[in-house]
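Undergrad: Please find one structure pasted underneath; my questions will follow.
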Amino acid sequence: MIQLLFTVIFSETAMIALLLFKTPLRKLVIMGLDRLKRGRGPLMVKTVAGTVLVVFFSSVYSMVNIQKRGIEEGAIVNPTDQVLMAKHLLEATLMGAILFLALMIDRLHHYIRELRIRRKGMEAVKKQTRGTEDGKVANSEEIKAVEEERARLRAELSRLESELQSKTKDVDAAEANVAALRKQSEGFLLEYDRLLEENQNLRNQLQSLDRKLSHSGSKKNM
């Protein structure tokens, strides 16, 4: 049994060393402890720990009885009791060390998991902060681009307004010219009508003169 206890102690010591130093085997140990704490694992661990604790108290009780028997027998020391006392003391010490190391393994595993969770949380916060900063930079760039586009559109609007004013002036001038030409054409039409009427009057007068001349010529021939 003592050899088994020493083997368990050495195994627990090696496990603690693996948990303390960051090595590739550390992940395997943590994964094994994670699986051990799932399902029926905790119940099995508690059962084994309870058994070791019962044996520990049994060894302590045996040592107390041996000590009482030695006190009752006086100064005479029984070699068998000495051997049993040493054996029970060694077993109790080893079992106490096993329980203590098991508690250390449990606490180390718990703290490593908590540290891992906190690191992941910090990484998530850092990523979120970086994303926010990148978003701010992107937003500032977008705002800058929007401002530049806005300034360009304002300049384009000013240019279009100036062109519109110049075109409006040209249109007004063209309309004034059209109005003047319309008035001039109306005057030309009136003058044309007047000349046409005078021409018609002159034709009528010529025709009447022709008729008079032809009438007077016919009278002379008679």
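Yeah, the Cβs are placed from backbone N, Cα and C, and that goes for glycine too.
Okay, so TrEMBL annotates it like this:
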type     : residues : note
TRANSMEM : 6-22     : transmembrane segment
TRANSMEM : 43-64    : transmembrane segment
TRANSMEM : 84-105   : transmembrane segment
COILED   : 136-212  : coiled coil
DOMAIN   : 156-206  : domain 'Bap31/Bap29 cytoplasmic coiled-coil'
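I would like each feature placed in context: is it buried or exposed, what are its neighbours, and how far apart are things?
TA: Taking Cβ pairs closer than 8 Å, the transmembrane segment (6-22) reaches residues 29-30, 94, 97-98, 101-102, 104-105, 108-109, 112 in its own chain, all 6 or more past its ends.
Using a Cβ-Cβ cut-off under 8 Å and counting only residues 6 or more beyond its ends in the same chain, the transmembrane segment (84-105) has close neighbours at 1-2, 5-6, 8-9, 12-13, 15-16, 19, 33, 49, 52-53, 55-56, 59-60, 62-63, 66-67.
As a summary of secondary structure, the domain 'Bap31/Bap29 cytoplasmic coiled-coil' (156-206) carries 51 helix, 0 strand, 0 coil according to DSSP.
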